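Quick look at what TrEMBL lists:
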type	residues	note
BINDING	D116	Fe cation binding site
BINDING	C122, C125, C162, C165	Zn(2+) binding site
Amino acid sequence: MAQHAHTHAPGAHEPGNHAHVEHTGESLVAAARAALTESGEQWTSMRESVFAELARHDRPVSAYDIADNLSTARGKRVAPNSVYRILDLFVANNLAMRVESSNAYLANSHPGCEHDCIFLVCDECGEATHVDDENVSQTLRALAKSESFKVERPVLEIRGLCASCA
Ligand SMILES: [Zn+2]
Ligand SMILES: [Zn+2]
Ligand SMILES: [Zn+2]
């Protein structure tokens with residue numbers, strides 16, 4: 001299994017004073033399963049397959065790509081709509097994150113805690129590195145609030161070139 005791209009640079013972007021855990025591989029799948037079942041949802045084999053597809057990608061992956069891969073793996077057609085429904089459930093339960101500017105999804109490496117994740121999206125290779133910074137997100141939330149804007153969810157994405165492509 002590929003190493004997940006969601007990592008914090010050592011010492012940088014500390015997401016605050018709490019027991020923040022970033023998961024990869026099997027530990028990520030276990031943490032996602034725990035988070036979903038704790039919220040009263042079932043960890044079905046289909047949901048597990050969709051999550052495993054997300055988790056093995058370093059880059060944001062679209063519902064269509066997941067549906068294609070699962071159709072091949074399962075030997076029968078998996079409809080993109082059913083993948084979308086599962087991805088919505090994952091996003092609502094903090095198991096996955098939607099990268100808006102890529103119209104695609106990433107496994108959430110910290111299903112145990114919620115953050116306004118910041119994505120650095122490479123225009124060349126498509127990789128989306130993920131960092132958390134509570135100061136940045138709280139400043140943006142306060143700014144919106146000062147305009148009497150009710151914040152649903154900040155979308156924090158920076159487009160550019162990753163270290164390998166720059
Ligand atoms: Zn955290
Ligand atoms: Zn995050
Ligand atoms: Zn790149």
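Glycine is treated like the rest: Cβ placed from N, Cα and C.
Ranking the binding-site residues C122, C165 by how many other Cβ atoms lie within 10 angstroms of each Cβ puts C165 at the bottom. Counting in whole angstrom, C165 (Zn(2+) binding site) lies 26 from D116 (Fe cation binding site) by their C-alpha atoms. In sequence order, L120, C122, E124, C125, E127, T129 are the residues near C162 (Zn(2+) binding site), counting only same-chain partners six or more apart with C-beta under 8 A. With a cut-off of 8 Å between CB atoms and residues at least 6 apart in sequence, the same chain places D132, S137, L140, R141, R153, P154, L156 near the residue listed as 'Fe cation binding site', listed in sequence order. Taken in sequence order, the binding-site residues D116, C125, C165 that lie near ligand 3, meaning a CB under 6 Å from one of its atoms, are C125, C165.
Taking all protein chains in view, 13 other C-beta atoms sit within 10 angstroms of the C-beta of C125 (Zn(2+) binding site).
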